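What follows is a short report on a single structure.
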Amino acid sequence: MKALHFGAGNIGRGFIGKLLADSGIQVIFADVNDHVIEQLKTQRAYPVKIVGDRLNVIETVSNVTGVNSKNEADIIACFTEVDLVTTAVGPNVLKIISSTIAKGLSARFRAGNTRPLNIIACENMVRGTSFLKDNVFSYLTPEEQQQAEAQIGFVDSAVDRIVPPVQFDPANPLLVTVEEFSEWIVDKTQFKGTIPAITGMEQTDNLMAFVERKLFTLNTGHATTAYLGKLKGHQFVKDSIDDPDIREAVKATMQESGAVLIKRYGFDPHAHAAYIEKILKRFANPYLQDDVDRVGREPLRKLSYNDRLIKPLRGTLEYGLPNQHLIQTIASALAYRNESDPQAVELAQLLQQDTLESAVKKITELTESNIVQQIVTAYNALQKN
């Protein structure tokens with residue numbers, strides 16, 4: 001079996017690509033990074049360092065190669081022979097690669113390849129593959145769309161593994177460090193043909209419960225740790241979560257978002273409390289030097305209507321649940337400043353150009369004046385400190 005994976009960065013190599021290769025699948029990495037692709041083509045293997053309380057080992061991932069995304073014809077040619085396509089490029093890049101994927105599918109159809117092909121976007125976004133499908137279909141003819149509906153599975157997934165950037169090592173340019181924990185859950189109802197046997201890929205027919213569990217817990221908690229840590233001058237996530245005041249606030253925020261999950265999906269409260277504790281422990285992993293600016297980057301996206309801060313807040317409003325810690329986290333996200341992050345710069349400009357209430361409504365798309373005013377009050381309190 002052969003897979004084409006878009007994105008040869010840390011997550012691509014350290015998470016999805018590793019699971020595929022470990023399952024005996026030949027992996028072709030597609031990326032614009034010339035150096036990484038040349039290294040993959042030459043070495044056909046790379047090291048992954050796995051770190052945790054019980055583990056600190058380097059494993060070799062083999063049976064891999066690379067193709068340069070700048071040479072679109074080479075990418076398109078891959079579509080005639082692969083059995084699986086995956087991505088780990090970031091939500092903002094999905095739209096960019098959709099035209100290439102559409103051309104690849106067209107080439108596959110023209111070549112007479114009628115075997116089922118499944119595409120899985122492994123991104124930090126809700127229903128990322130469905131978003132990708134909509135963009136891919138915008139480039140296909142009606143006839144190609146009909147053929148794609150019959151042969152191409154667009155499979156939504158939820159992914160969870162902390163993969164921070166590591167200092168470049170000239171002796172091991174492909175080395176990536178990952179935490180021991182990983183979770184990859186796919187919607188089994190969306191596959192075409194036989195579901196591939198991939199170790200570490202879990203199947204479910206209730207994906208949204210797991211998507212929101214991860215978004216409302218791991219992502220919400222991670223963002224909270226970063227934004228509160230930034231305000232107190234911490235550089236790393238571990239330093240932030242080791243701060244007792246921040247740890248207490250992060251836990252309380254995840255408990256508020258967790259109450260929404262328990263109400264919406266019937267999660268067991270004790271099991272979810274244990275899940276929160278596991279995540280707090282992951283944030284404190286001493287082997288992961290994860291910068292708060294990496295975790296807090298792109299604040300406008302993280303403050304958007306369906307993302308990790310506003311969506312759980314909306315859930316508390318829907319079910320009449322407590323939300324004071326979520327409001328404090330949102331205020332701290334609004335206070336995030338980083339001159340090297342274009343979205344952080346734009347965020348600061350938006351808050352200066354308009355009244356705070358109007359800016360918060362524009363950024364979050366929240367319409368309830370009462371909750372917007374509470375966010376504004378919390379933000380103003382932060383500015384005075």
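Keep in mind that glycine also has a Cβ here, set from the backbone N, Cα and C atoms.
Given the structure is predicted, the values throughout are model-derived calculations rather than measurements.
Feature annotation from Swiss-Prot assigns NAD(+) binding site to Ala3, Leu4, His5, Phe6, Gly7, Ala8, Gly9, Asn10, Ile11, Gly12, Arg13, Gly14.
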Comparing the binding-site residues Gly7, Gly9, which residue's C-beta has the most other C-beta atoms within 10 angstroms in this structure?
Gly7
Can you see whether DSSP assigns Gly9 (NAD(+) binding site) to helix, strand or coil?
coil
Set of same-chain residues at least 6 away whose C-beta sits under 8 angstroms from Ile11 (NAD(+) binding site):
Ala88, Cys122, Arg161, Val163
Across all the protein chains here, work out how many other Cβ atoms are within 10 Å of the Cβ of Ala3 (NAD(+) binding site).
25
Taking the Cβ of Arg13 (NAD(+) binding site) as the reference point, list residues of the same chain whose Cβ is under 8 angstroms away and which are at least six residues distant in sequence.
Phe29, Tyr46, Val48, Val61, Leu174, Val176
